[in-house]
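Student: Mind having a look at this structure? Questions to follow.
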């Protein structure tokens, strides 16, 4: 996809505040400091469209951005930051469950994992939700420039085991080298293809009349 324009639309915490309209949505999820902001900024060719919070995990908002006139990019709040107050942590679960299970515009979720970190229970919970709600995941492994090839292979094996993933499901990404940018876009573009229900059908021509029996 060629990104010509990306603009912030609004923030929301509940369905009543979600943007109206029928644009498909691709959401981005991951724990705090996983590189979500860098991934989004590289994909849309912007430096500060999504900013890294100075207090990770404190902002529990779902942020909606419109990309061209094609789709909504949805930035989900980060999770897993140890210093987040308990009350904030309790808000995160119902907010995520509601969006993932009820949002009809949602086409898929880019689930972001750090190549240097072992997946957490929150990561597994997110993937479990996506599978339970039939939301297609795109698994993106970030910060790949920070490890050697051997370490990448070792960590990939751990991620696949912990998350019950296959090798072909992993998409490697580096904000520094831009490795994986095109591959991630290809996955997103595939999810944005119109579904059968959204594609106007071509009326069938009436069948030619059969032979008439006297």
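Every residue, even glycine, has its Cβ placed from backbone N, Cα and C.
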Student: What range among 175-194, 195-214 does Swiss-Prot describe as region 'Disordered'?
Tutor: 195-214
Student: To the nearest whole angstrom, state the Cα distance for the pair residue 173 (GTP binding site) and residue 37 (Mg(2+) binding site).
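Tutor: That comes out at 13 Å between the alpha carbons.
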Student: As a test of the contact definition, list every same-chain residue at least 6 positions from residue 30 (GTP binding site) whose Cβ is closer than 8 Å to its Cβ.
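Tutor: 36, 78, 79, 111, 112, 113, 123 - these are the non-local Cβ neighbours of residue 30 (GTP binding site), listed in sequence order.
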Student: Helix, strand or coil by DSSP: which one applies to residue 37 (Mg(2+) binding site)?
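Tutor: Once the DSSP labels are grouped into three classes, residue 37 (Mg(2+) binding site) ends up as helix.
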